[in-house]
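Novice: Annotations per Swiss-Prot:
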type    : residues : note
DOMAIN  : 4-79     : domain 'Carrier'
MOD_RES : Ser39    : O-(pantetheine 4'-phosphoryl)serine
Amino acid sequence: MTEQEIFEKVKAVIADKLQVEPEKVTLEARFIEDLGADSLDTVELIMGLEDEFGLEISDEEAEKIRTVKDAVEYIKAKLG
C-alpha cells in the first residue's frame with residue numbers, strides 16, 4: 001500500500017470520526033488544535049484506524065500520533 005493510499009484511508013476515517021470535511025484533513029493537520037478533536041475523539045480515532053488497517057496501536061504509541069502525518073507514517077511503518 002502506498003503512502004497516498006494510506007493517507008486516503010486515514011483521511012476517510014478522520015473525516016468520519018471527527019465529523020469534519022475531508023478537505024480539512026491535510027497531512028499537517030493536528031487532531032486537537034486543527035480538527036477540533038477532544039481526548040475521547042482521539043481514542044475513537046485510534047480505534048477506527050486500528051479497525052481500518054487491522055493494527056493494534058498501544059496507548060503509548062497512540063499518544064505520539066498527534067497529526068495526520070504522524071498517523072500515516074506510523075501505519076506505513078507498521079504495514080511496511
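Heads up, residue numbers simply count up from 1 along the chain you see.
Keep in mind that glycine also has a Cβ here, set from the backbone N, Cα and C atoms.
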Novice: Provide the three-state DSSP residue tally for the domain 'Carrier' (4-79): helix first, then strand, then coil.
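Specialist: DSSP classes over the domain 'Carrier' (4-79) add up to 51 helix, 2 strand, 23 coil.
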Novice: Are there residues of the same chain, six or more positions away from Ser39 (O-(pantetheine 4'-phosphoryl)serine), whose CB falls under 8 angstroms from its CB, and which are they?
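Specialist: Correct list: empty, so none.
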